[in-house]
Structures are given as structure tokens and as C-alpha cells.
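Trainee: For reference, the structure I am asking about is given below.
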């Protein structure tokens, strides 16, 4: 097939396939919101007076050249061509990538621990992104009012806060209704970006010289240290690139690639080159290149459209924070939290009240503290560059250990991408004192909390195993001399089907009865995002009406007792009458001690997190009137 015929076939597929078109438009509305709103502040920050770069046509050409080649190398080549191939059963993102590479490492090895900690730290840095993106995006959009009417400058922060508070308040109701508008609105946004850029570009076509990397390299050589500092601002055009990989599970790789190459990238390039062209004809426009390239009669409509686009970009990272936390809960790094489903049709649309309110408080605090988008720009890059470096490293491990690529090729690609990522990372490190400390502090705090929970759970399991009684011999002895049997079914939720659940021991001790049918139900999280219903359940009959029922779940799924029992009835013929079934749960009270483990204060922190996590009955969606909670104390 020739190149022309291949292109024609691809275009024909896109035009004739309505489902692909819908996915592409959906991806444009969700995946590209962050990177699509970068033109609001990226070039403005590159020409910040603090960088000390003398304004000149060569500086404009050099910076625009760096913007173009950064976008081409990092987004188009690294993410779209290579990283998006590293999917975990169709899912992307640093946690999915971590789960994928951990399959190739020996369990409990030092290498596995390094890979796990890298993945978790990369995920934690996303929380910094989830705080800064809404703040800088909405703030930079509303700042357009200052250009339209300088007298409105004192209202910028109040308007920004009203928009952001409203955005977080509507999360509890879900966004399925307004979410249908996200795609069309963002299509209008990108087309507008492209047209604005084209309008300015034709007035100074010499900006097209910036396609030549010579100008970018010359700029770096001529300005050395100042140019290196500017790289931290150039990186702002790449914020949101990770979303192409993270949201791959929602839309698929093909629609995201279509959206990027057909609409998003061309429009972004046109806009950045248009801003550069405007600066060649109007050097004073460096104050706010985006809004000063807009014809004056269109300024207010542009502020409105930009605000809509930034709200959509903010929604994407908020939803991403909910999804990331849900995955971390299933992987055992975060305490159970109450999860609400906001759409009956879309399983991915969830709402976590605790995360929502934490984000709201932090976002409001950031807007009030930093006041201007240019102040936030210094804080923005460090969170994203950290995640990018980790993603590149883990992707290289996948290339070598999973795909079995030639070591020389992996080294060449891995080092090339890492060199670019580390250059941006180092440039952003120079801004730690100016605001970069904030996402680092936020990400490090989240990492510390997640690792404390993970380590505490390991200690708790170890103590339970030390004191545990082997289940099958115990049941055999119990059935040989059975206590009084009562009608109904008892379901004992347990994390370890090898040992007798503490809840069963307490029930026998205090009630001295055994139900006519006993089921030990265990939920097991696997290293894949979803588990097919055909492979979800396994059952072992211990005789005497006693069963071990294991239910496998992916790390993007939330266990649901109702669905498991329905599935057991359909697939295994195990009939459950909910009102005749009692669910026994052990409620552990963690007691910090001087036993080997964590430091006392970390054990106390873990005990507090354990106490304040969602009740198992709430998390597993069990009717409250069918639950029997039996308390037990465990020293760690």
C-alpha cells in the first residue's frame, strides 16, 4: 500500500466510522484540555522579565523553535508513538505502567520495591498537578479581563474563586450531562486557536523560520544560563502530555492519536507561531501574547471561551484525581474511602468526597497565595516533569523486559528521552524557591502517607499470619464436632483465606453457633485494570456447607458484594437470599507498640488512618442491617 493510499484509507475509516468520530471528539474534550489551555500562559512566561532575556526577533524565533521541537519530541514521538504502546490491558498511566513492570520483577526483591516506589511517587506528584491545573488555568483565562478592561483587575481573583468553588461543588452530582458538551466546546476552542494563530501568522510569515531547529539551538548557545532557565517555561507547553497516556483506557490509543495529529497539534502549532508572529510586529505584546493577539472586538467572547476551556481542563484533572485514588485504594496504598458513582452508564465516573474537599481547600489556598498565573507557572512544571521522568524510565523497562526489544535500541531511545526530560526537570528545579516547593511538598506528603499505609498493612497482615490458625484443618475439626447449626448463610469477609477469620472465632466464642452455610469471601486485586466476569470467581467446597469464595478484581474496579453474590448464583449455582444472609466483618483496632516495624509515631499515624477509613460495610456496599461487626485489637 502506498503512503497516499494508506492516508486515504485512514481518513476514510475516520469519516465512515461514527463510533471512532465520537471517541475522537470525546478525547478532545477530556484528554487535551490541559495541554490545550497552555497557550494562555506558556509564551507569556517564556518572556518573563525575571529571565533576563533581551527581547529581539532572534529570541522570538529561538523560543518558538524550542516550543515546537519540545512538543514534537516529547508529545508526538515519545508519548504518542512509544509510551502509548505500553498499555496494561488497554489502560495507561503511571500506576498501570507500574503494575505492568512489576510482573517482570521477582516478588519482594529490591528491584521490585524500587519500581513500586517510583510508580507511587510519580502518581503522588499528580496530586500537585490536580491542585495547580485548575488554579493556573482558570486564573490565566480570567486575567483576560485585565486586557479588555483594566478596571476589572481587582475582580480577577474573586471571579476565579467563584468559578472554582462552583466547579468542585457540582462534582457530587457528576458531570455526565454537561460532559457531553466538553468535546464540542473544546473542538471550537482548538479551531479558534488555529484561526487566531493563522490570522497573526500571515502578517509576519517570517516566524515560519522557527521550524528550523537551528534557531532553537542558537538561542540556547547565545543565552546559556538564561536560556536554560527559560526551558522551565518552555516546558509549560507540555503540561497535559501525560494525560494522553493516562486517559488511554477511556478512549483507546487510536482516537487519541487521531485527535492529536488531525486537530490538536496543528491548532496548537498555529497558535504558538501566531503568538510569535504578533511579537515580531508588536514587541510590547510580550505582556500577554495570547490575549493581545485577539482582535479587540472579540476579546470578551475569547475570555468566555477560554474560561469554558479551562474549566473543562480542570474537570479532567479532578476526575483523574478521583480515578487515581480509587486505583490506589484497590492496590492497597490508600485507606478505604467512600466512593459514589455519579453515572449509571459510565463506571469511570466516580466521586470521592474526601478527595474533592481536600482539593478544593488546596486550590483556593493556592489562588489566594499566588495571586497571578505567572507566579503559579514556577510551581507548575516540577510536578509534571517528575512524573514524566518516571514514566520514561518505567517505559524503558517495559521495552526491555516485556517487549524484549534489543538492549542497544532500548538504551538509545531511553537515554534520548531521559536526556530531554531531565533537562526540563533540571530547569524546573531552579524554580523551587519561587513556588516549585509547593507541588514537591504536596507530592512528598502524599507519598509518605501512601507508604505509611502500605507498610502498616504489611505489618498488620504479618501479625495476623503469626497468630493465625490454618483454615482448612480448623474447619475439618469443627465439622467433626460441630456446634449448633442455625438457618441462613454467614458470609465472612477476609483478606486471607489461609487462616481462620477472627470474626468466625469471635462468633463461635460468643454465640456458639455455626450457620447452615458458611462462605469465606475474599477480594483479590490483580495487576490488570479489569477482570472478565468469566474469570472473576473461584470456589472451593470444604464440605459441610462451608465454602471459600475468591473474587478477583482489577485495580480500576471497586468490589461490590451484591454483584459477587449475583455472579456466584449465575455461574456457580450458589443461591443467596440477601435477607437471610449475615455478613461478618472483623473491625481491627490497631495498637502501636515497640514490636519490630515502623517507628512509634508512624504506627500511630497508621492507626489513625485505619480508624478513620471507610467502614468495610460501606465500602463493599453491604446493607447495614445485615452486617455483624466484631472488634479485635492488633498490636503492630
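Cβ atoms are placed via backbone N, Cα and C, with glycine included.
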Trainee: Of the ranges 1-21, 85-105, 379-399, which one does Swiss-Prot list as transmembrane segment?
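Mentor: In Swiss-Prot, the transmembrane segment feature sits at 379-399.
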Trainee: Pick from 327-347, 432-452: which range does Swiss-Prot record as transmembrane segment?
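Mentor: Comparing 327-347, 432-452 with Swiss-Prot, transmembrane segment matches 432-452.
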Trainee: Test the contact criterion for the transmembrane segment (23-43) and the transmembrane segment (379-399): 3 or more CB pairs under 8 Å, pairs 6 or more apart in sequence, then answer yes or no.
Mentor: no
Trainee: Counting only residues 6 or more past its boundaries, what in the same chain has a CB within less than 8 Å of a CB in the transmembrane segment (114-134)?
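Mentor: For the transmembrane segment (114-134), the sequence-distant neighbours (Cβ-Cβ under 8 Å, at least 6 residues beyond its ends) are 34, 93-95, 97-99, 101-102, 105, 164, 167, 239, 242, 310, 313-314, 317-318, 320-321, 324, 328, 333, 359, 362-363, 366, 376, 379-380, 382-384, 386-387, 390-391, 393-394, 397, 438-440, 442-444, 446-447, 450-451, 454.
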Trainee: So, taking each listed stretch (63-83, 182-202, 298-318, 350-370) in turn and counting its Cβ pairs to the transmembrane segment (150-170) that are under 8 angstroms, which one gives the highest count?
Mentor: 350-370
Trainee: Given a Cβ distance threshold of under 8 angstroms, which distant residues of the chain, six or more beyond its ends, lie next to the transmembrane segment (379-399)?
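Mentor: The answer is 74, 78, 82-83, 86, 94, 97-98, 100-101, 104, 115, 118-119, 121-123, 125-126, 128-129, 132-133, 136, 232-233, 235-236, 238-239, 241-242, 245, 366, 370, 405, 409-410, 413-414, 417-418, 421-422, 424-425, 427-429, 431-432, 434-440, 442-443.
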